[in-house]
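Engineer: Handing you a structure now.
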Ligand SMILES: Nc1ncnc2c1ncn2[C@@H]1O[C@H](COP(=O)(O)OP(=O)(O)OP(=O)(O)O)[C@@H](O)[C@H]1O
Ligand SMILES: [Mg+2]
């Protein structure tokens, strides 16, 4: 369970990226975070695994107060949280399998860390993760020879191999074409349902968000302006999240507005 | 699990190749250790090192700041002069040699022969040339200039050739299509392309030549090298310190300048 | 600045628009170049007449070297091998040590500003020291012989490979590094798994290139007593035994040629 209590984040350049954020996310939920560019979505997600420090408030993940962790504790904590990026962030010069194996590195004995020689068990685990996202046959191909969608699946497999409880995804489909995007979203859904991993996803594509997520969080100017079940999201809610105008909300009230 | 295990064993096997290369490298490495003879190492090495370092950090300021022919500034100027003149002469002579060894300009036997000559010129150490030129001009910076010129020919010609062989010939095609003569093609199609590249190479070489010129004094070919070596062999480490500081500052400044100019040349 | 002293030329187009053309810097560059050349000639006592008069002396020596004294070969063999060993050892050790040093000099992986700039300054200072001078100093500390030469080559390699390596590290795509951190790796591990694979082909290629150059350079280190074939070269030139010098140079050229071929072969495969 993830719980934000009065969380505030101010960057070193005085930008207030999060203000008084209060959110509670239960295990196994599929949450989509939507909002304009610069609203603070990435910041919100990155605070969860302490890629960013929060300035004040409390952020509790599974009973652990995240902002009190230090050094090694942070890294141990991060192992339980997978992260997916818009630009995949793979090591493109090496093979798919090696990219997945990387997720075992923090637990390896020193000599294996240095040499990068992995045991057979780990290789099988990594291949299993690749199988789960349907690209087992690409295991020995270099990443730069794959399509964008395939690369995002490698990233997904890397995260699965970590066996996380939570997956954070920062605009995972923003650089994919609509068809591939749909396939990747299907993967996320399957992982969420079958493995009971919570998914928290930033996404610009509202239709996708509404189709796949159970719950929508709307962010504007660092504040949570909407938090509720997907069914409750209407056009006026979207306008409110994206434009922030009450008038607009009133204006559309009468019309049948559902996306 | 079946398909997964099958994939596991389908891993392409570079292992043998890698082990082979690694073993060869390791053997070479161990073999090269046999060259290191430790019996000459004097037990006082550490003490000597600390005297040297102490001397270098308390430089002889008088030497560093006098403007006579013995002082560091004059010697540095002489070194710069050797490097400038040597680079210019070398560059002028390197251009025809470069064209003579470019396989897209002259028939390949000629190119091949010139290349062989260039390899020879490049490999002979600068100090050897220095000693040979001293027979021509006597001791002094003149010999240094000729030495720098000759080694520059070797290096510059090689880099020039690469530039010539990378020429963008599509421009020439389009010039032919609008009816240019050979002369016009060379003047407007080739020279503008090559000029800035050659200039950038020459400036880079000047940078290197300055370093070379600073040690030529070892054989009596002028520059700051001779006083440096004398001071060293007489264990006058404060003088060594003064000269080294001057040299290091000069080389750093020239390197900064040359990087900036070359950056501008590349960006146009 | 320049544009203020020499205002740009204005060209009026037929349709009334005015285009400003900056004055070419060519004249001032040429003037400076000629001044530099003039003073260089003064400083170095350059005299064309001497050159025209006595250039034959140079070729006199060259012709004395031909034919080389073939039976000098057994004397050359050992120092030549020593020279190769020195450069190999110095290059390998230098390149290996360059990795942690370059790590410390990369501003994108090490957050301590002072450490990063300190390491960078250290590397550029090392690089400005002429190798022959390092070698000479090394002979005072480590005694005459190959160890001093190896140390000099080690230092040069460290400085050269280290600089190129940190420049590459700083230009690397940092996304995968971030991903490794999000997996729970520390910065060092993230460097090993995200950045090292990206820079290693280039690193190996640079190291090989440096080794090529070092073989060539190691040949003169013996001149200051730092071991290898330079010692023989020094002797031969001192005694004016030019046929032997010719033989040494001949062997050197062949060796350097083969090492260049081999290294070029591997470098082509790396990139
Ligand atoms: N590292 C940083 N340092 C300073 N300010 C930052 C930093 N990262 C983000 N910001 C600022 O914080 C605010 C929120 O940024 P954030 O990246 O969280 O937005 P976002 O909702 O993810 O936008 P996008 O949809 O474009 O990714 C922006 O105003 C941004 O300029
Ligand atoms: Mg973002």
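Glycine too: its Cβ is placed from the backbone N, Cα and C atoms.
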Engineer: Would you mind telling me which of C:65-87, C:88-110 TrEMBL tags as transmembrane segment?
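Structural biologist: Checking TrEMBL against the ranges C:65-87, C:88-110, the transmembrane segment one is C:88-110.
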Engineer: TrEMBL tags one of C:26-44, C:45-63 as transmembrane segment - which one?
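Structural biologist: So the range that TrEMBL calls transmembrane segment is C:26-44.
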Engineer: Considering only Cβ pairs under 8 Å, which range in C:88-110, C:218-236, C:242-259 makes the most contacts with the transmembrane segment (C:131-161)?
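Structural biologist: Ranked by Cβ pairs under 8 Å, first place goes to C:218-236.
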Engineer: Should anything in the same chain at least six residues away from the transmembrane segment (C:88-110) have a Cβ under 8 Å from its Cβ atoms, list it; otherwise answer none.
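Structural biologist: Sequence-distant neighbours of the transmembrane segment (C:88-110): 116, 119-120, 122-123, 149-158, 161-163, 165-166, 169-170, 172, 174, 177, 187-188, 190-191, 195, 203, 206-207, 210-211, 214, 218.
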